[in-house]
Amino acid sequence: MSDQNIAKKKAGEYAATLIEPGMTIGIGTGSTVYFFIQALAKKIQEGLIIKGVPTSKQTQELATELNIPLVDLNNVDQLDITVDGADEIDPQLQLIKGGGGALLQEKIVAAASKRMIVIADESKYVQTLGKFPLPVEVIDFGWKHTMKHLQQLGCERIVLRKKDDKIFVSDHGHYILDCYFQQIKDAAQLHHQINNIAGVAENGLFINIATSAVIAYKDGSIKEINKS
Ligand SMILES: O=C[C@H](O)[C@H](O)[C@H](O)COP(=O)(O)O
């Protein structure tokens with residue numbers, strides 16, 4: 001296993017130790033959360049009783065395979081905690097998410113949770129967001145016009161996401177435009193501006209949603225950052 005994957009595993013396993021009996025948990029998406037899901041499934045096998053709400057079809061399938069009990073978000077009043085990965089995390093715990101295309105459902109689930117713990121290896125922790133292209137989920141109808149409006153917000157390049165030479169379609173049937181900003185100076189303002197554009201379903205900036213981050217380093221250490 002690569003050093004990066006060892007760190008992801010460490011972060012995922014650490015997050016599983018924070019789960020308490022009876023909790024309802026938002027279960028994130030991606031290669032870091034994969035390790036959290038494995039560790040959670042093991043705890044359930046050993047007797048832990050929890051309920052999970054998945055943030056994507058991919059997570060739903062993996063959780064079902066591992067016998068993690070799932071519930072529909074509409075049948076839950078409030079989630080105790082969501083554990084999810086991120087593509088970038090800044091010191092104020094603002095995030096870029098959506099590298100795997102799951103941002104919309106991830107944000108709905110996180111917004112329904114009392115706490116959101118972000119888990120990541122050290123490569124995701126940055127001083128300023130924006131080096132990772134910001135995923136914007138858009139309605140397929142007229143997407144080129146939505147892209148023109150996005151261009152006016154100052155990103156240097158926008159790429160329609162593709163997978164295996166075909167347009168990538170999200171779990172909710174939308175397209176993803178990856179926006180290369182390089183540096184996002186005011187993430188809260190940008191979030192607001194993007195979501196005001198007709199045709200945008202959601203963008204990958206998570207502003208004031210994460211309450212703590214668990215960052216795992218190559219040397220084996222773990223740093224927990226809590227929202228002040
Ligand atoms: O859409 C995908 C999610 O936002 C992921 O949580 C994010 O891309 C981080 O994924 P990974 O842990 O695989 O880097």
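Placed from the backbone N, Cα and C atoms, the Cβ positions cover glycine too.
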Q. Among LYS10, LYS51, LYS124, which residue does TrEMBL annotate as binding substrate together with THR29, GLY30, SER31, THR32, ASP84, GLY85, ALA86, ASP87, LYS97, GLY98, GLY99, GLY100?
A. LYS124
Q.
So, three-state DSSP: helix, strand or coil for GLU106 (active site, proton acceptor)?
A. helix
Q) Looking at the binding-site residues LYS97, LYS124, which sits with the largest number of other Cβ atoms within 10 Å of its Cβ? A) LYS97
Q. What's the CA to CA span in angstrom from THR29 (substrate binding site) over to GLU106 (active site, proton acceptor)?
A. 8
(Q) If the criterion is a C-beta within less than 6 angstroms of any ligand 1 atom, which of the binding-site residues THR29, SER31, LYS97, GLY99, LYS124 pass it? List them in sequence order. (A) THR29, SER31, LYS97, GLY99
Q: Express the distance between the Cα positions of SER31 (substrate binding site) and GLU106 (active site, proton acceptor) as a whole number of Å.
A: 15
Q | Most distant Cα pair in Å, residues THR29, GLY30, SER31, THR32, ASP84, GLY85, ALA86, ASP87, LYS97, GLY98, GLY99, GLY100, LYS124 binding substrate | A | 15
